[in-house]
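Features of the protein shown, as given by TrEMBL:
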TRANSMEM  128-146  transmembrane segment
TRANSMEM  152-172  transmembrane segment
TRANSMEM  193-214  transmembrane segment
TRANSMEM  220-239  transmembrane segment
TRANSMEM  283-304  transmembrane segment
TRANSMEM  316-335  transmembrane segment
TRANSMEM  347-367  transmembrane segment
Amino acid sequence: MDPLEAQALISRPTNPAKHNHPCQSPTNKKNLDPLSLLLQPFQWLHMLSSHLNPSFVIGVALVYGLGQGFSGSLFKVVTDYYWKDVQKVQPSEVQLYMGFYYIPWVMKPVWGLLTDVFPVRGYRRKPYFVMAGVLGGVSALMVALLGDLPVVVALICLIGLTAGMAIADVAIDACIATNSIECRELAPDMQSLCWFCSSAGALVGYSTSGVLVHHLGAQAALGILAVPPASLIVLGFLIHESKPSSTLHPQKKKKKEPLEGLGVAVTSMCKSIKCPQVWKPSLYMFLSLALSISTHEGQFYWYTDPKAGPAFSQEFVGIIYAIGAMASMVGLVIYHKTLKDYPFRHIMFFAQLLYGVSGMLDLIFVLRWNLALGIPDYFFIVAEECVLKIITRIRWMPMMLLSTRLCPSGIEGTFFALLTCIDSLASLSSKWGGGIVMHLLNVSRTDFRNLWLAILIRNVMRFSALGFIFLVPKATYSEDLIPLDILKNNSAANVDDVEDGDEEMLQRVLKNAV
């Protein structure tokens with residue numbers, strides 16, 4: 001076992017409130033002057049870098065900020081115009097194509113098993129960042145440079161680009177899950193760092209997307225998406241990962257073969273997912289995402305239609321999303337400063353309720369009731385996007401934080417990948433469900449008469465998710481959510497993989513787990 005994984009086995013204090021945890025983020029109860037408020041974000045980053053590794057913080061910034069934030073936002077806008085203007089397909093078909101983008105994310109447990117069980121030259125994270133960068137960069141350049149592509153070839157290239165993002169996400173999430181177990185008090189801070197970087201990157205991506213599409217065209221603009229994968233290749237050489245040594249005590253038992261380690265990981269993962277404390281909240285997260293069917297493509301085609309819709313320009317579409325990214329950062333600050341200590345069930349109930357209510361704004365806009373109220377289209381869509389993004393971020397943060405707290409020691413990377421795979425599968429169901437509904441309601445490139453009905457059905461299904469809120473625990477992030485016997489068994493399963501220098505650490509794990 002490499003030191004990064006061995007450190008994940010360190011037990012958490014039974015009552016964090018009574019312990020001065022070395023990873024606890026500093027709090028200042030005094031009134032802060034403007035200069036202190038200005039320096040606070042930099043002090044926060046310094047605190048994270050001091051307790052964690054600085055290269056880990058850089059890795060989060062590159063994967064979540066440049067990769068998922070900038071690349072993901074640019075990908076969203078550019079591919080919307082690519083399918084609409086270059087490939088000229090119907091919105092319901094685009095919804096189905098977008099569902100395929102989630103297949104690499106659904107396969108995250110596979111990537112997690114690869115990173116946990118099949119190291120390359122002793123490293124479990126570094127090679128997979130390089131692999132992700134090569135795959136994503138080649139895919140982006142192919143779709144940008146090969147001219148007119150058949151729909152199937154273009155779709156495969158775009159899936160390859162998202163696969164690169166997914167593999168890099170699994171590698172960095174394994175580090176996050178490990179650090180969340182070792183430094184429980186920093187778990188909310190790490191999630192805040194991830195999603196702040198993502199929102200900041202999205203702000204830049206959305207701000208430039210409309211301009212790039214307008215001046216370069218949708219297909220050429222896809223070439224810009226080769227830049228973030230190139231940074232992943234650099235990250236693969238930059239990020240700190242200690243290579244385990246196997247020569248200290250040659251008389252020790254030989255390390256397990258990869259297939260044997262794979263069997264242990266799968267067995268531990270199956271045992272963990274059967275635990276009610278794990279599968280119940282996982283089921284709720286799936287239902288809350290899957291039941292909210294997506295009508296995005298129908299609304300996008302309507303936004304840009306010169307006859308039926310408000311005919312927003314390419315630049316303004318990018319501005320709308322950029323303002324939404326800023327609002328998402330506001331939602332992140334609200335959650336981090338005021339809501340993170342509340343029980344998961346309470347936060348997720350009110351977030352889902354507000355999510356359903358905010359969906360009615362789409363209905364008002366599509367029916368043009370905003371004009372009857374004297375509210376211009378431009379003002380209404382910006383206000384709607386801000387409200388939606390704030391609520392979405394507050395709704396998403398506890399889900400991610402809860403996922404990190406459900407990961408058992410020893411298989412953090414694989415199990416966190418499994419939980420986020422469930423979310424991706426739910427998003428795939430949401431896209432395909434929305435595409436089927438719009439197809440049945442005959443929503444097309446030029447016919448939007450039933451778009452309002454599709455949105456109404458979506459909103460009703462959002463409210464229906466509240467009926468499953470009992471599956472979410474009432475606990476907070478600082479409480480133990482999985483039984484100690486699972487923690488102990490998963491830790492024991494890795495005894496043979498622990499290097500001699502880590503034996504003392506493992507003994508501390510088993511002692512505290514009991």
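Here the Cβ of each residue, glycine as well, is placed from N, Cα and C on the backbone.
Remember, it's a predicted structure, so these values are computed and weren't measured experimentally.
Beyond its flanks by at least six residues, the transmembrane segment (152-172) meets 59-60, 63-64, 67-68, 71-72, 75, 79, 82, 87, 97, 100-105, 107-108, 111-112, 115, 125, 128-129, 131-140, 142-143, 146, 225, 229, 232, 235, 413, 417, 420 of its own chain at Cβ-Cβ distances under 8 Å.
The transmembrane segment (193-214) makes no contact with the transmembrane segment (347-367): fewer than 3 of their CB pairs lie within 8 A, with pairs spaced 6 or more apart in sequence.
Beyond the ends of the transmembrane segment (283-304), by six or more residues, the same chain brings 80, 84, 91-92, 94-95, 98, 310-312, 317, 348, 352, 355, 362, 366, 381, 399, 402-403, 419, 422-423, 425-427, 429-431, 433-435, 437-438, 443, 445, 448, 451, 454-455, 457-458, 461-462, 464-465, 468-469, 471-472 to within a C-beta distance below 8 angstroms of the stretch.
Here the transmembrane segment (347-367) has long-range neighbours at 284, 288, 292, 295, 299, 302, 339, 377, 380-381, 384, 387-388, 391-392, 394-395, 398-399, 448, 451-452, 455-456, 458-459, 462-463, 465-466, 469, 472, meaning same-chain residues at least 6 beyond its ends whose C-beta is under 8 angstroms from one of its own. Here the transmembrane segment (316-335) has Cβ contacts under 8 Å with residues 69, 73, 76-77, 192, 195-196, 199-200, 202-203, 205-211, 213, 300, 303-304, 378, 381-382, 385-394, 397-398 of the same chain, all six or more residues outside its ends.
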